[in-house]
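What TrEMBL says about this one:
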{"type": "BINDING", "residues": "31-38, 148-151, Val177, 185-188", "note": "ATP binding site"}
{"type": "ACT_SITE", "residues": "His38", "note": "active site, proton donor"}
{"type": "BINDING", "residues": "Gln62", "note": "beta-alanine binding site"}
{"type": "BINDING", "residues": "Gln62, Gln154", "note": "(R)-pantoate binding site"}
Amino acid sequence: MTSVTLRVVETPAELRQGLSGAGRVGLVPTMGYLHEGHAALIRRARAECDAVVVSVFVNPRQFGANEDLGRYPRDLERDLHVAGEAGADLLFHPDVETMYPPGYASTVSVGGVSEPLEGTSRPGHFDGVATVVLKLFNLVQPHQAYFGEKDWQQLAVVRRMVRDLNVPVEIVGVPTVREASGLALSSRNAYLTPEQRGRAVILSRALRAVQEAAAAGGRDTASLRQAGLNVLTQDPEVDLDYLTVVDGDMHERGRVENDPMTRVLVAARMFGVRLIDNLPLWPEGDPA
Ligand code: AMP
């Protein structure tokens, strides 16, 4: 399917009308400035669903007061092109007043998995994410919704919310798409020059170093972490927030489990841009 078939809708009424009679609906929630990572989600939805909705909404409620809401990259033409090429049918692009009209007063707050890591560094972030994602689920009523593993903790928060609140949707996680260098694609990479993007590859190198330490038999979290830190300290530009190895509940333990949900996560500021990335500790699955 090409971009000619893609329709832009801006209101809940247009959305419902655009979806009337649709069979299996797939939803890909995004904040726009779409890249190949988003396209992978859309293509997966296209392969599995009859109708594919991509939402493009820079959700103010998931940004902290000192974060990059004002300068977050926006380019609807580009989004139309990427979403259309990847096979979307509808692009839902509401404005802030449509999502949060005057008098709006509700927040969805997920406990547990949302609390450490991003939850600590970005207070309120996951409340904003859970709130907008539940609103999008209610508006679109998708059978399946697609999220990237790039935002591993976000995926865990959404899964927790869906289970806890009995939301009738299946959550599908899609592996992270990377540049050939290893850098995870992100809309925020637009803030970096090509040279800076080259330096930012260090984050994925650190994750791989932790994987390698585990493959070499490392099991205590402190020594696995050190393998990653040895990489990160090579560039003074890395202002580390966290590097950790966690289980499926986002808990860091003294020793890692032979469990495919064990994940190594990193967050750091480089060149004034906050970047996150993660990998499974066992790339081939549980080593048993
Ligand atoms: P965002 O627009 O950054 O909010 O991302 C929208 C969705 O795309 C989220 O589910 C992200 O996890 C996912 N995503 C972002 N970057 C990537 C990537 N490099 N690979 C796969 N999924 C991604």
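Cβ atoms here come from the backbone N, Cα and C positions, even for glycine.
TrEMBL: automatically predicted annotations, no manual curation.
In this structure, the CA atom of Glu149 (ATP binding site) is 11 Å away from the CA atom of the residue listed as 'active site, proton donor'. Annotation note: Gln154 ((R)-pantoate binding site) sits in a helical segment as assigned by DSSP.
Of all Cβ atoms in the shown protein chains, 19 besides its own fall within 10 Å of the Cβ of Met31 (ATP binding site). All protein chains considered, the CB of His38 (active site, proton donor) has 28 other CB atoms within 10 Å. Classification of Gly37 (ATP binding site) by DSSP places it within a helix. Of the listed binding-site residues Leu34, Val177, the Cβ environment within 10 Å is emptiest of other Cβ atoms at Val177. Distance between Cα atoms for the residue listed as 'beta-alanine binding site' and Met31 (ATP binding site): 11 Å, as a whole number. Within the same chain, residues at least six positions away from Ser187 (ATP binding site) with a Cβ under 8 Å of its Cβ are Met31, Gly32, Tyr33, Leu34, His35, Tyr72, Pro73. Contacts of Gln154 ((R)-pantoate binding site) defined by a Cβ separation under 8 A and a same-chain sequence distance of 6+ are given as Glu118, Phe126, Val129, Phe147, in order along the sequence.
Of the recorded residues, Val177 (ATP binding site) and the residue listed as 'active site, proton donor' place their C-alpha atoms 9 Å from one another.
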